[in-house]
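For reference, the structure discussed in these notes is given below.
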Amino acid sequence: VIRAKVVGKKLMKDGPFGTMRYTVKQMKMYRGFQIMPQVQYIYTEASESLCGVKLEVNKYQYLITGRVYEGKVYTGLCNWYEKWDRLTLSQRKGLNHRYHLGCGCKIRPCYYLPCFATSKNECIWTDMLSNFGHSGYQAKHYACIQRVEGYCSWYRGWAPPDKTIINATDP
């Protein structure tokens, strides 16, 4: 998970349809330092129809998530990427202070009611019910964090979460 500005791009002839290689200037890394402390290139499929993402060169800073495979960072439409200035204050605070508290949690999407958690380390993501998906209210303003006794729940607030309280009224 990094914050970066795209400073170049090159179409590589890898595979039958090609791969786009974006050269990035990494501003900050939020997760993944153990695997790759510095990211210089981000790879994605050349075509959006193959889940490739289109990033603009020298225009915006982006939050980019992905995976490392054979020493390269890959992203796609199934990963979270967003222009930095479109992130909410809650999302920015989450990156710096809250999301790491949810590393032991799993987010389970809910597409239709009723939805139930199947284990104590799950948060039910309800943005899909209203067709908002990634950019829904829950994703923009809440963080799934681990609470007492390993239970995970949604948290929204400005102060650091109190790990002794579970607020069952949050989505």
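If you go along the chain as it appears here, the first residue is 1 and each next one adds 1.
Here the Cβ of each residue, glycine as well, is placed from N, Cα and C on the backbone.
According to TrEMBL, the features are:
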DOMAIN    1-103  domain 'NTR'
DISULFID  Cys105-Cys152  disulfide bond
DISULFID  Cys110-Cys115  disulfide bond
DISULFID  Cys123-Cys144  disulfide bond
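Feature annotations (TrEMBL) mapped to structure.
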residue	record	contacts (Cβ under 8 Å, 6+ apart)
Cys105	disulfide bond	Asn121, Glu122, Cys123, Cys144, Ile145, Gln146, Cys152
Cys110	disulfide bond	Ile124, Trp125, Thr126, Met128, Leu129
Cys115	disulfide bond	Arg108, Ile124, Thr126
- Please spell out the DSSP helix, strand and coil residue counts for the domain 'NTR' (1-103). 20 helix, 40 strand, 43 coil
- Averaged pLDDT, computed only over the residues in the domain 'NTR' (1-103): 89
